[in-house]
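> Would you mind keeping the following structure in view while I ask a few things?
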Amino acid sequence: MKYIGAHVSAAGGLANAAIRAAEIDATAFALFTKNQRQWRAAPLTTQTIDEFKAACEKYHYTSAQILPHDSYLINLGHPVTEALEKSRDAFIDEMQRCEQLGLSLLNFHPGSHLMQISEEDCLARIAESINIALDKTQGVTAVIENTAGQGSNLGFKFEHLAAIIDGVEDKSRVGVCIDTCHAFAAGYDLRTPAECEKTFADFARIVGFKYLRGMHLNDAKSTFGSRVDRHHSLGEGNIGHDAFRWIMQNDRFDGIPLILETINPDIWAEEIAWLKAQQTEKAVA
């Protein structure tokens, strides 16, 4: 079964994220559990936690259908020790918030070397950051998102994701989220079913589908291989409809949150309905 939704606002209270997801007939959703552009947030209150859990129960969202995202400020591969420690503390806090809310996944961007250390050193720092966070939490899986490779961001190659996973001690609590726009911008073609087959065969060989814990379904304003992260509405960008139809008809993407981060929230309900409709076509093996 496909879990299809969008990254919805939690403005006014975390419970509102579940309500907003239900309003667009989503069967999954993503959210920030705190302001994504600030380092610190007030601790979650018992009332906030209870209201969120009650809303999820009311609208039938389990933890398998919810993909929280961490703060954009966090860089788990930071080359400077003091800044790295600050990011690690913030990431642990994000993991603990998920733990309190009964959520089992936390999606994050891996990190950037800032042109100050090697890719290998940065990837090792990211893996160690994950190890530290996993050691201090329970029940939450760290879900590494592939990137478009803008600037000095790592995670744009499947090999980067594999290297991070290789350095994580508890393999049962690490996974990946593949963003289609990021993959396309990083040079993984998705414009035809044949290209989708090739890209995900590479993913299966290098990373492994057992680690796929979520996806971001975004078309791309950015061009192929441009290393530029610019999302677009489904079918309106340079990827086109075929990739998303292919994903919907492929059972390897069942049982994980498939999340829209497309640019027009006003048509999310339409995009979700379109994605759901594609499942009725002939299934892809």
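Including glycine, each Cβ sits where the backbone N, Cα and C put it.
Given the structure is predicted, the values throughout are model-derived calculations rather than measurements.
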> Return the residue out of GLU145, GLU159, GLU236 that Swiss-Prot annotates for the same Zn(2+) 2 site as ASP179, HIS216, GLU261.
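Record source Swiss-Prot; matching candidate: GLU145.
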> Do you know which of HIS182, HIS241 Swiss-Prot groups with ASP229, HIS231 in the Zn(2+) 3 site?
HIS182
> According to DSSP, which kind of secondary structure is HIS69 (Zn(2+) 1 binding site) found in, if we only use helix, strand and coil?
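It is in a strand.
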> State the count of C-beta atoms found within 10 angstroms of the C-beta of HIS182 (Zn(2+) 3 binding site), not counting that atom itself.
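Result for HIS182 (Zn(2+) 3 binding site): 27 neighbouring Cβ atoms inside 10 Å.
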> Counting other Cβ atoms within 10 Å, pick out the least crowded of the binding-site residues ASP179, ASP229.
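Ranked by other Cβ atoms within 10 Å, the binding-site residues ASP179, ASP229 bottom out at ASP229.
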> Can you give me the Cα-Cα distance between HIS231 (Zn(2+) 3 binding site) and HIS69 (Zn(2+) 1 binding site) in Å, rounded to a whole number?
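With distance taken Cα to Cα, HIS69 (Zn(2+) 1 binding site) is 17 Å from HIS231 (Zn(2+) 3 binding site).
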> Have a look at the binding-site residues (GLU145, GLU261) and report the one with the fewest Cβ neighbours inside 10 Å.
GLU261
